[in-house]
Each structure stands twice: as C-alpha cells, then as structure tokens.
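Annotation source TrEMBL lists domain 'Formyl transferase N-terminal' at 2-182. Per TrEMBL, the feature N(1)-(5-phospho-beta-D-ribosyl)glycinamide binding site maps to Gly12, Ser13, Asn14. Here TrEMBL flags Arg62, Asn102 as (6R)-10-formyltetrahydrofolate binding site. If you look up TrEMBL, you'll see His104 marked as active site, proton donor. The feature site 'Raises pKa of active site His' is assigned by TrEMBL to Asp145.
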Amino acid sequence: MKQIAILASGNGSNAEAIVHHFRATGEAEVAMIITNKPQAGVIQRAERLGVPCHYFTNAELREGTRPIALMKEHGVELIILAGYLCLITPTYIMEYPERIINIHPALLPSFGGQGMYGDRVHAAVIASGAKESGITIHLVDEDYDHGRHLLQATCPVRPDDTVDTLAARIHELEHRFFPTTIAQYLRFL
Ligand code: GRF
C-alpha cells in the first residue's frame, strides 16, 4: 500500500481529514505525521487517531537528513504539507521530485508568496475587496507557492466576512477537496 507522510504545524484538521479518507478507502496509508511545533494541536489528533507523530526542530527539518531518512525507512512515496510552516529545502525536492503537495488557503497566484500563510491570507483577501476566494492544491518546487496546480476550488467572500468566518468556509473546502485530490494524484504514481 502507498505510504504518505503529512507535515503539519498547526491544528491538524486537514491531516485528520486525510487520515479518515484513506482509512475509509484503503487506497493508501498515512504512515506518519511530522511536526516542527511541540505544542501543535496536530499532535493530540495524531495520538487520538493512532498515527505515529514525530517532532523535529526547525533546524533538523530544514537540513532534512533525519526526517527524510525516517520517511524513506517507512516507504513514504508522497509528502503532504497541511499547514506546514517550515521551509521545504531543495534536499526534499531532490529526494521527492513531484512528490510533495501543498495546500494554500487562497486562489494562487494571488495572495501567495513568502509571509502569506494562515490568517494573514484571509485578512489580505478581505482587505482587497475580492468577491471570491478559495483553495489551491499544488505541487511544491523550489519557489514558494509556485508548483503546478492540481486543483483550485472557490467560495464567495461575503461583505460581512471576518477572518474567522472566511477561514471556516475555506476549511470546509479544504476538507472536502484535499483528500480526494491527493487520492487522484496517487493513482498516477
Ligand atoms: C489551512 O488553511 C491550510 O490551507 C493552511 O493552513 C491551514 C491548516 O489548517 N496552509 P489545519 O491545521 O489543517 O486545521
């Protein structure tokens, strides 16, 4: 069975949606979750789900040797970034070319690039007056938010939206489309 690793720094709701999806379909397995935040909500979720969770420091993660060795040891073929706030260095891209997928909570190329993550993205979308936002699921290459798009899905931005209400709408899209987009990509590996 194809093995997946999820890298996450936050609450981990996308990680959980992905675990549930592949447990239900049996098409792949989440071999591990890796985090760079010792307090991240994703750690409790992993425990509850019974998925091995590994913490590495930012320096270890950027350097890559130990996390990559761990993933290789477990036969990981695809890396999913699900709210991962640490740099993916060229080592990862060399070891996993076209095998790293990220989700961005807006419609790239708008509202992307360095420093555009989490609530900052939603605040920028609201401040711009855009009538529509959405998600972008894309392959990861050397440049921030740059690789080939696998899927975009949209939702309205309402006049009375706050960062929280827009974030909630975006999360719904993420949970709906991220697992299935990963599954579709896996079928071609
Ligand atoms: C998501 O909105 C994702 O697009 C962004 O970070 C958030 C992570 O949410 N990159 P969660 O930790 O999966 O709940």
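Yeah, the Cβs are placed from backbone N, Cα and C, and that goes for glycine too.
Any TrEMBL annotation is an automated prediction that lacks curation.
Considering other CB atoms within 10 Å as the measure, the emptiest surroundings among the binding-site residues Ser13, Asn14, Asn102 are those of Ser13. Proximity of the recorded positions Gly12, Asn14, Arg62, Asn102, Asp145 to ligand 1, judged by a Cβ distance under 6 angstroms to any of its atoms, singles out Gly12, Asn14 in sequence order. Taking the Cα atom of each, Asp145 (site 'Raises pKa of active site His') and Ser13 (N(1)-(5-phospho-beta-D-ribosyl)glycinamide binding site) are about 21 angstrom apart. Counting only same-chain residues six or more apart in sequence, the Cβ atoms lying under 8 angstroms from the Cβ of His104 (active site, proton donor) belong to Gly112, Val121, Ile135, Thr136, Ile137, His138, Asp145.
A gap of 14 Å separates the Cα atoms of Asn102 ((6R)-10-formyltetrahydrofolate binding site) and Ser13 (N(1)-(5-phospho-beta-D-ribosyl)glycinamide binding site). Distance from the CA of Gly12 (N(1)-(5-phospho-beta-D-ribosyl)glycinamide binding site) to the CA of Arg62 ((6R)-10-formyltetrahydrofolate binding site) is 20 Å. A simple way to gauge crowding: the CB of Arg62 ((6R)-10-formyltetrahydrofolate binding site) has 16 other CB atoms within 10 angstroms, across all the protein chains here.
Local packing around the recorded positions Gly12, Asp145 was summarised as the count of other Cβ atoms within 10 Å of each Cβ; on this measure the leading residue is Gly12.
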